[in-house]
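Engineer: Summarising the annotation, TrEMBL assigns domain 'SLC26A/SulP transporter' to 41-429. Per TrEMBL, transmembrane segment is recorded for 44-65, 71-87, 94-113, 133-153, 160-180, 200-228, 240-261, 298-317, 329-346, 366-387, 424-451.
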């Protein structure tokens, strides 16, 4: 390994320090290459816009965690600082994510239920809030530890086990949970928190007559305006220089109206109230919470990483730069550890917030650090301006960010046409997360997805192919009308590797495609041979060679790439390397050439014993997509005396 530049490492230790520094601290690589004059203005504009959205989403998503809104600002601040140093994506905005917030809120509600508030005095409510904050911080800290360990152990590949259909079904179900959980804030009902899915629905409708009309009207108006403006942003994003910051506009407008009309006193609406100024001292997590929330923390760690990395991957492909999955795990793990220590809750990335950062011209992580500065200003100086803001407005803003997730229902029909297995995974994941809860639902969905992998391998799709348009393209003959099938040739395709668990299934499908059983043919042939032997004794017939299953009834096999087969001692006197071809088309051309040679009187070679003019071609994924050609036997005819 060569190092260039003014500093040349003199020892192996120096070299390792350089490598570890660049790998563990990506900022060492990208910050010195920052194009200040070209990028700084774009990053400042993007950071300001993203920071304003982060403030509002932090306040809104804190309601999902069932903690006071000000703690959402901590979740939007500390992980951003850590990601600036350790992260590899230039465009994602790190902070609260509604699905993770809801998952943390489930653990909080389970360990600190509402009914423990006793008589509901302000002292008891304050104590309950403090206890809930501690639970949320501890769960976040533990999930960060899991992410950090996975990153150190190079387990970034685990994201491949969460397919796009699984993530889509899970986030859609989570959006339903978020929608239901926000009803109590939109209607301002004294509904206790529920960890069981839809438990809140019964409680809401049992108290529907106590709805605060002012909060309900405010929620509906804000929700309608947010949906309309977001639709405008999506439809005219190519023409708009920057998306309309509807969350910011609605927050400012709603806070002003609430303050001057005095909604809290006149209509008894629930407001954010005084936000805590400044930061609290870091605290150690509650070990007792660790023992009760290991499952929650693992789910939060995996889901948070999977969502963030999938978004980071999209932007890295779009802007042509690499992202490191293991380093991302380390970055999010450290971010959650630090955030949990300062009483924040779990962070990932919100799709809408990252979209704002990228679409407003963000170039690097500098935009992220500027957005953190905006959050810092709110925490230290101007948080009091949000005191009259209604909680129902925050709930509506949280729901307004779920539009993309709820629209994922459209994917069911698309997946059914593309891959029925993926469609079933989506539906099972959605139903499991809805009725079993997000944590158990996720585990169930992953187990079911692994089961489908086993099923796909054990019962693969098998088809008969045909030549399309007289070209070198071969497709399922049921899907096309203009096809060509050479006389006496069958092309049989198996979509899965062939191994011990599916070999019998493969054999049965092959026999069905061929139209006969080789063993049955062999039995008939042996019967004919017994008759031939009797005739041989009488001198009425000459000797013919014997045959093994397909090989014994004159089947020739051709496959490409022989290294693996040679190592497995696949070849013998009857199965030879000369039978193998690279592609289906090569095999077909070889067969047709043999037919032409055999039919030409001048070129016709000495006839091989047991030869025939019928073939089957088997493309098998089990041999690294190698093509297998199988020659069919000639019909067994009664021997002539």
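Backbone N, Cα and C define each Cβ position, glycine as well.
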Engineer: If we skip the immediate neighbours and take only residues 6+ beyond the ends of the transmembrane segment (200-228), which ones have a Cβ under 8 Å from one of its Cβ atoms?
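Structural biologist: Residues 180-181, 183-194, 246-247, 250, 254, 263, 267-270, 390-393, 395-397, 399-400, 403.
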Engineer: What else in the chain is close to the transmembrane segment (298-317), if you only count residues 6 or more beyond its ends and a Cβ gap under 8 Å?
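Structural biologist: The answer is 88-92, 94, 97, 99-100, 103-104, 139-140, 143-144, 146-147, 150, 156, 158-159, 162, 164, 167, 170-171, 323, 325, 328-329, 332-333, 336, 346-349, 351, 354, 358, 438-439, 442-443.
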Engineer: Take every residue in the domain 'SLC26A/SulP transporter' (41-429), average their pLDDT values, and give the whole-number result.
Structural biologist: 86
